[in-house]
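The structure under discussion appears below in the form of structure tokens.
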């Protein structure tokens, strides 16, 4: 019984302390947690390795030398329908830079989230804004300087099927009719009802980006027909964007965290 | 009521304070305003307002050093100031096309740089939408500076002098691209042209007299030219095909940015400020004189599918008919747009 008494006593103390500290702050801060996001670039069932040869679903051979993309405006929808948006949400992912393939989203209100939404690319406001830093700095190899705006996705490599042996896809553009900003909501893994954000556990969300899906979807793209996008927004960029919006990203699994 | 009675006293005291503050000190000259911090009364609201990058002497001077420093080019031979010369409103004097590194010729006429705070888009094709990122186009163009932004930053970071100046302003190292671009924007945003004789005339200021020919020219201008060369900025910032060519195989203009076929051959309507000094004219510098430009509008406009509707007359002919007298008067008026305050402001000249 001693234990119970003590515990009740300490509870009261704790509560007092909590109340006191709450008084220090005019606004009561809701409890928040962190989500780690990990990006894994794959080609079908295999992990993507730069310099290695793969096959598209249509049977073309491709060797990737560069694969970069920008994910932005990440939003999480709770089971009660409220939406939380990550502030200043811009993430540049480069296959060649391991550190860029994982990032933490902080200060998410605790709760159960049933939907993840994000943009592949950069909103038009930032495409026309002044000089940016971080993921949007113009010296990150993802910016067009003469037609200013961001390259949303860059895939470069070689293919024996390409007319000149090269594959150079630089997809971007935010103006009608060649707007390639795409917003996606990949489903939670089968059997996972929600993503729990809490103070004590940091779950890890494992996203896969499947290079094969760039060549398939609404339009099947053969490398013999499309070796390069012109270095500006055009109809081919829109085809690629429609494809990657349809299936590039999937949530492979979620670790509930420690 | 107590408060009300005290208020006049307080006001008087405050007024005294202001009066004291305003009284010039015999020994101390008031600091000169940083160029770009004053917005002319006869201009519309700016696009890149001073609040977006508050003018500050040290940053302005840093931007000035960068503007005139050929370190921005790959081989250290070309600066912004090479092709944008103050004496001709930051256009390139007498050059249709300008040489970049190794004498490579560009494809378009180096435009005057003035009143950039008011520009919604930049370059002849409007490819750049924000003054801060404008320098990226010439820096990375292989025909101009042929340099990369990371390499420019490496060079700046290797300079103790630049490191010190950037750190003093931005408080951090190494120098990053945002700092570089914002410093340059402070300088280029200072190229305000609003003190021509025409400006004094429209603002009703001393020295603002136009003679008879200039006034007749102004009347013709308002009737025939001002629908495109609009406002006291003398551009409506639209893109138009002004009938220079029938086809556009080498330079499709705005269509090169938007990829829209209906915009082939369209170029930005340029401002006419300081136009008497910015020859040669048009996006490719094809006309040497203002007389040639006016002749073009009178009888040189050619047909194409994207020709601007304002250059089509009801009778099916093209252009803007102008009598010899009207052309002479227009030229007289256009000379009133020359602004010595921009052309000879020592604060905009290469640093000593």
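Each Cβ is built from the backbone N, Cα and C atoms, and glycine gets one as well.
Of all Cβ atoms in the protein chains displayed, 24 besides its own lie within 10 Å of the Cβ of residue B:83 (heme c 1 binding site). What TrEMBL lists as heme c 1 binding site is B:80, B:83, B:84.
DSSP gives residue B:228 (heme c 2 binding site) a coil state; it is part of no helix or strand. Annotated heme c 2 binding site per TrEMBL: B:225, B:228, B:229, in sequence order.
What TrEMBL records for B:212-338 is domain 'Cytochrome c'. Each residue of the domain 'Cytochrome c' (B:212-338) gets a DSSP state, and the totals for helix, strand and coil are 46 helix, 12 strand, 69 coil.
If you look up TrEMBL, you'll see B:1-20 marked as signal peptide.
Ranking the binding-site residues B:225, B:228, B:229 by the distance of their Cα atoms from the Cα of residue B:84 (heme c 1 binding site) places B:229 first.
If you take the CA of residue B:83 (heme c 1 binding site) and look 10 A around it, you hit none of the binding-site residues from B:225, B:228, B:229. A C-beta separation below 8 Å, combined with a sequence spacing of at least six in one chain, links residue B:229 (heme c 2 binding site) to B:221, B:235, B:236, B:269, B:271, B:272. The heme c 2 site, placed at the center of the C-beta atoms of B:225, B:228, B:229, has further neighbours from the same chain whose C-beta lies within 8 angstroms: B:221, B:224, B:226, B:227, B:230, B:234, B:235, B:236, B:269, B:272. Compared over the binding-site residues B:80, B:225, B:228, the count of CB atoms lying within 10 A of a residue's CB peaks at B:80. In this structure the C-alpha atoms belonging to residue B:225 (heme c 2 binding site) and residue B:80 (heme c 1 binding site) are separated by 31 Å. Taking the C-alpha positions, the distance from residue B:80 (heme c 1 binding site) to residue B:228 (heme c 2 binding site) comes to 28 Å.
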